[in-house]
Amino acid sequence: MVLQKNVIGIILGFIFMIMTFLYTRGIFTPFFACMIVLLLFIAFLKEESRVFTWVLITFFLGNLMVGYASQFLERFRLSAFSFVMFNQLLLLIPIFMIHYVLINFKRKMSIYFGRPSISSSAQVFYIILSIIILLSFSTLLYMNKMPVNGQSFLYILLFSITYAVLQEVLWRGLLLPHFRLTAGNKIGVIMTSIAFGFNTSLFSQTFTLTILFILIGFLFAIITVKTKSIYPSIFIHASIIALLLISGLMVLPI
């Protein structure tokens, strides 16, 4: 029975990965064909798999709404930074939609929203990692040829924290536990990491960068599972984004 449930979960997860790739690359005809297949098969699934399928469908419906809402925002005369921030906040749409689905099926929103459970040896690792991140911030700010002033630094922190919180809540807080429950612990981690890599490399055409994002997603997933919380991943995710922005490898319109 467990094996059968995992097989169904793996099939659904595989469809999710394909749909993520198709959607982020703008290949909409096969994407909507996959969506129709999921909708047709819901009635034949048992409740746990049905909940999982609705979570996946809701994820894509939410992202479609994000796309339309982003186009609507373009009509307003917003500053470049405000437009970017509002676009990030639009991720609340799929988050709330998935939350609504879970409430209707009387499911817990996430098992990873609690206080981190970190062993003594892991605490040493995170302390060292925090020191490295702080030193990296200091070094980049000192060596940066285009100095980051106080206002710019605040904008970078605001964007990095907002981006990291919403991404981690969506991918590690909501999707990851349901993938692990339905497809299996290890396979669920791998599948969400691959889908995260496809989704994050939306504007990248290079295979190498996509693989890098998949590995980063795998790292965040492992940290979340080991600590039983998304908060360490949020901290590391926000730090990486901020470092990329300060170094100039990513550009924020400020």
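Yeah, the Cβs are placed from backbone N, Cα and C, and that goes for glycine too.
Pulled from TrEMBL, these are the features on record:
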- 151-239: domain 'CAAX prenyl protease 2/Lysostaphin resistance protein A-like' (DOMAIN)
- 7-23: transmembrane segment (TRANSMEM)
- 29-45: transmembrane segment (TRANSMEM)
- 52-73: transmembrane segment (TRANSMEM)
- 79-103: transmembrane segment (TRANSMEM)
- 124-142: transmembrane segment (TRANSMEM)
- 148-166: transmembrane segment (TRANSMEM)
- 202-223: transmembrane segment (TRANSMEM)
- 230-252: transmembrane segment (TRANSMEM)
Distant-in-sequence neighbours of the transmembrane segment (202-223), which means Cβ under 8 A and at least six residues beyond its ends: 24, 168, 171-172, 176, 189-190, 192-196, 232-233, 236-237, 240
Chain residues outside the transmembrane segment (79-103) and at least six past its termini with a C-beta under 8 angstroms from it: 51, 54-55, 58-59, 61-63, 65-66, 69-70, 73, 109, 155, 158-159, 162-163, 166-167, 169-170, 174, 252-254
